[in-house]
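Encoded as structure tokens, the structure appears first; notes follow it.
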Amino acid sequence: MKTWYMVVVIGFLATLVQTSLALKEEDCEVCVKTVRRFAESLDDSTKKDYKQIETAFKKFCKTQKNKEHRFCYYLGGLEESATGILNELSKPLSWSMPAEKICEKLKKKDAQICDLRYEKQIDLNSVDLKKLKVRDLKKILNDWDESCDGCLEKGDFIKRIEELKPKYSRSEL
């Protein structure tokens, strides 16, 4: 009887760990949003056949730009794509698998798929710089064509942005 309870507890913990490790939309935003948008564009008859899904995806990719275009390139949806893992998208879509799960599978095949990110537009007048990631602080400086020599910690980047803020916030108005 104790063994049975132990098996149930271990099974529950394994499920709990698996759900906490599941891919979130913000971890792979371009993939999730593109797959959702593509899936919504398909009619019911196309959704059932993975070959038709692949053909529709290639047609869909011809109209995409920027990050979505790069996503299509990684999957093999473009003529100039070097590799093709399109069946990793089309078959799960034909099974009605959610976009997050599809992107999780795609990430296992090609990690750079989830490295694609949309550019964040940061309003410096309303944002709390302390809550931003260092990557976003570096992006602000990079957008201004400024550097932060010797900046190692988040506080250093915030200090540099605060120094330059008057110069750039006036020109944006």
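Heads up, the Cβ atoms here are built off N, Cα and C, so glycines get one too.
Out of Cys31, Cys72, the record in Swiss-Prot bonds Cys61 through a disulfide to Cys72. For Cys31 (disulfide bond), other Cβ atoms within 10 Å of its Cβ number 28. A sphere of 10 angstroms centred on the C-beta of Cys28 (disulfide bond) encloses 23 other C-beta atoms. Cβ neighbours within 10 Å of Cys148 (disulfide bond), excluding its own Cβ and spanning all shown chains: 18.
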